[in-house]
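Take a look at the structure set out below.
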Amino acid sequence: MAGSSVAQKTWELSNNMQEVQSIDEIYKYDKKQQQEILAAKPWTKDHHYFKYCKVSALALLKMVMHARSGGNLEVMGLMLGKVDGETMIIMDSFALPVEGTETRVNAQAAAYEYMAAYIENAKQVGRLENAIGWYHSHPGYGCWLSGIDVSTQMLNQQFQEPFVAVVIDPTRTISAGKVNLGAFRTYPKGYKPPDEGPSEYQTIPLNKIEDFGVHCKQYYALEVTYFKSSLDRKLLELLWNKYWVNTLSSSSLLTNAEYTTGQVFDLSEKLEQSEAQLGRGSFMLGLESHDRKSEDKLAKATRDSCKTTIEAIHGLMSQVIKDKLFNQINTF
């Protein structure tokens, strides 16, 4: 189907999907090599050892679809994969039966039993990869680690190394048309990382800024890339043949109406806060640092405003294009 292939190609280009020529090259599991890596534990000598994270197209789709199914509630799952030098390779993922809220996910005993049974059954059918990380969603508030996430990941790295934490924002994924995903690893307690300069800017809601700021120096982000093999291509074609119509029949303006409204309210609160600080600063003398902080907050609010506006314009443009294509066919 032509429409299906175009939609699939657009999605792959948006997310810089790379194709691996040889299936064996990426799927071959060298047990001896993995055991040698686990025995050497190079990550204990360098707290910034892992720098890259590769995610298979199939694992990516499974995680995004699971995150989207949770709506405004956080969801959680586990990832299977392996290590290749400084790269953590995520081959597959599966959802966990956990209780989710709008701010956290809680794994109960049943989830741990399910996790152990799934990994054991996967090995019986030839999937020899071990658990390499966990993922959860942040619907509408970006990809970063909260205080609870940092504690969970520290515990995982202490007892289940090598382990990576992946965060997906399904709401921003729909709004921007590109997968919003981040992979992170935490530093050991007491470790002070060197100043790495400003990281890539992302919009953080006002009610999450404090939690983000307190813990942002306790972990670092890995460079994420996506790949697919010829086997993945077959599976993706089956998925796209089922879901590609949703691209034409849905609108991000309608699907994410609540999210967009929330963004506008959040922006309003940030501007009011900045205005109040500037007002107080005008009565104080010699407080240049205070002025710089206020200006910095205004600059961030401006960037947030631009991002929200651009996403709304893109949604409107897609609706106009679809209207021109399907509703205004000229008759000759």
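Here the Cβ of each residue, glycine as well, is placed from N, Cα and C on the backbone.
Checked against Swiss-Prot, the range among 10-23, 136-149, 150-163, 318-331 recorded as motif 'JAMM motif' is 136-149. Cβ contacts within 10 Å of D149 (Zn(2+) binding site), excluding its own Cβ and spanning all protein chains shown: 23.
Of all the binding-site residues given, namely H136, H138, the one with the smallest number of surrounding CB atoms inside 10 A is H138. Secondary structure of the motif 'JAMM motif' (136-149) per DSSP (helix as H, G, I; strand as E, B; remaining residues coil): 3 helix, 2 strand, 9 coil.
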